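Accompanying notes for the structure given below.
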Amino acid sequence: MAKVLILEDDRDVAELVRAALEAEGHEPTIAENCSRLKALGLEDFDLFVLDVVLPDGSGLDIAREIRLSSDAGIVMLTGRATEIDTVLGLEIGADDYIAKPFRPRELSARVKSILRRRGEVASSTREPRGSASVDGWTIDFERREVFAESGAEIPLTPSEFDVLKVLVHRRDQALSRHELVESLRGRGWVANGRLVDGIISRIRAKLAKSTGENPIKTVRGVGYTLVERA
């Protein structure tokens, strides 16, 4: 059973989400606006279902705030699931995007997948620990930070860090775009090559600016790999 916070100003939609979650044995709480959510607190919930457009703020801003201190699951609800919405959600660390109207069974399946995936990540002994050095720069897996050889931090978004983490952990292996996205969130539905290519492009630019190196190579017909200097 998971404690779930539903941030939704449409009462009918909120009740639909609550009923779907209760049917799966979860413990949902409804907040009709951002102020109410903040009054309830962010630290006591395992998963958040956030409407993007709210009367007193944005669900994207709330998701960004959650990610500063929590690894809880985040599902965004939106009336317009355009690619730019999806990109923004992924960049700030959302786990899934569901367009309205939606079927309760679909929501339940997505929530179940997110909770299972996050449980696996939390308990996996294969998840990288500590830090690793690559050609002078360092990635700290636990603090989720990357530093140049000079000690200066290389700022990465959550999605950029997660992609780089997978590439470093499996360095010298050719990973497909699909594998990279699956490793991020465990969701095949966002295995969109353009999204992955954009994230890779930004990581390359940031590493090149700070280190003068581009260790991420394109493997033609496959995807990407991280290669250390010989």
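The backbone N, Cα and C atoms fix where each Cβ goes, and this holds for glycine too.
Curation does not apply to TrEMBL; its annotations are automatic.
Taken from TrEMBL, the feature domain 'Response regulatory' applies to 3-115. The 4-aspartylphosphate annotation in TrEMBL covers Asp51. The feature domain 'OmpR/PhoB-type' is assigned by TrEMBL to 129-228. The feature DNA-binding region is assigned by TrEMBL to 129-228.
On the 0 to 100 pLDDT scale, the domain 'Response regulatory' (3-115) averages 86 in the predicted structure. As a summary of secondary structure, the domain 'Response regulatory' (3-115) carries 52 helix, 29 strand, 32 coil according to DSSP. Taken residue by residue, the domain 'OmpR/PhoB-type' (129-228) breaks down under DSSP into 43 helix, 22 strand, 35 coil.
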